[in-house]
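Undergrad: So TrEMBL has the following annotated:
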BINDING   HIS26, HIS28, GLU169, ASP298  divalent metal cation 1 binding site
BINDING   GLU169, HIS201, HIS230  divalent metal cation 2 binding site
Amino acid sequence: MSELSGKVQTVLGLVDPDQLGRTMTHEHLTMTFACCYFPPPQGDEAVAENPFQMQHMHWLRQNPYSSHENLLLQQEVPAVRDELLAFRKAGGGTIVENTTTGIDRDLPTLKQLSKDTGVHVIAGAGYYVDCTHTEATKRMSVEKLTDIIVSEVLHGADGTDIRCGVIGEIGTGWPITESETKVLRATAHAQTQLGCPVIIHPGRNPAAPAEVLRILQEAGGDISKTVMSHLDRTIFDDGELLEFAKLGCYLEYDLFGIEMLDYPYNLEVDMPSDSQRVKALALLVKEGYGDKVLVAHDIHTKNRLTKYGGHGYSHILKNIVPKMLMRGISQHQVDKILIDNPKHWLTFK
Ligand SMILES: CC(=O)NCCS(=O)(=O)O
């Protein structure tokens, strides 16, 4: 039996799963989202280049990906430290930090943030979406990719001895590219060796999540220990959602706090409101999937920090939990979503 078995691996080392407490399973504390810059609407160029003024904050919430500066979350470490202290005060215990290769993972900073704040931080191994894969990554075999991912968990990543405790977020688009398919297969092979949790960023199409699971399963992955992220912007039809839930992965609503009209990466998508997200959670619980639901904010732009008038990392604990209770989700079920489900997912087999 491996020393990881029955434990959770944080950036400060192994911990007992009962120590995690309330857990946000999909956040970023330091990253760049420059890969996903989207040009501003015509006429808004001047605002986009000078966005952090009170009178521009609504524009920024509607167009977060159209300001270069807004995509550089890694410049905000002191603000994030304050946020984590507030998160602890609000009853939070653990953050799963989903930054993988391609969007500037910074393990020493994660370690320091965890030390400074007492929040458990779990780092992610593996690769983000295709457009961030280097030519060298694209040339790698599945075996080589598997070795790298395994090593990031067992020995440390990015030239440090800081170890990752999950694989992901593994980035995929739609359609899934050849390089992303190789990374998915490597993810499944690494998971087989390690018995570890996996988390997936699916493409922006309702068919994408099931196709990712098919590839993982075919390569031997453990779907019951895999999280499908971003369901809020991916599957909209209740029937389709319940069909997908039958496949047995964790079901993550992780864009809490984002309320925008036009989702630039897919204009077909109507981004749900937080109230609609809570409604989706209530449906899944009512239909018997309460053991599979996870929640988070996926903070990946500056404007969502409280420093800039955003909702911050405590929004779910402070505002969404009361709303969940108001909409008939029991306290017992809320505790499952925030404590038990993350704990079971994050514990190595
Ligand atoms: C960091 C990240 O991948 N966030 C997801 C943003 S998306 O617009 O929902 O794909």
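Glycine is no exception: its Cβ is also placed from the backbone N, Cα and C atoms.
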Undergrad: Relative to the mean position of the Cβ atoms of GLU169, HIS201, HIS230, the recorded divalent metal cation 2 site, which additional same-chain residues have Cβ within 8 Å?
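TA: The answer, listed by sequence position, is HIS26, ASN98, GLY168, ILE170, GLY171, ILE199, ILE200, PRO202, SER229, ASP254, ASP298.
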Undergrad: In the three-state scheme derived from DSSP, which category covers ASP298 (divalent metal cation 1 binding site)?
TA: coil
Undergrad: Going by DSSP, is GLU169 (divalent metal cation 1 binding site) sitting in a helix, a strand, or coil?
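TA: Once the DSSP labels are grouped into three classes, GLU169 (divalent metal cation 1 binding site) ends up as strand.
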Undergrad: Can you tell me the CA-to-CA distance separating ASP298 (divalent metal cation 1 binding site) and HIS230 (divalent metal cation 2 binding site), as a whole number of Å?
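TA: Distance (Cα to Cα, whole Å): 9 Å.
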Undergrad: Compile a sequence-ordered list of residues in the same chain as HIS28 (divalent metal cation 1 binding site), six or more apart from it, whose Cβ lies below 8 A from its Cβ; state 'none' when nothing qualifies.
TA: LEU73, GLU97, ASN98, THR99, ILE103, ASP298, ILE299, HIS300
Undergrad: Fewest neighbouring Cβ atoms within 10 Å: which of the binding-site residues HIS26, HIS201, HIS230?
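TA: Comparing Cβ neighbour counts within 10 Å for the binding-site residues HIS26, HIS201, HIS230 gives HIS230.
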Undergrad: Compute the C-alpha separation of HIS201 (divalent metal cation 2 binding site) from GLU169 (divalent metal cation 1 binding site), stating it in Å without decimals.
TA: 6
Undergrad: Would you mind ranking the binding-site residues GLU169, ASP298 by how many other Cβ atoms sit within 10 Å of each Cβ and giving me the lowest?
TA: ASP298
Undergrad: HIS230 (divalent metal cation 2 binding site) to GLU169 (divalent metal cation 1 binding site): how many Å between their Cα atoms?
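TA: Answer for this pair: 11 Å between alpha carbons.
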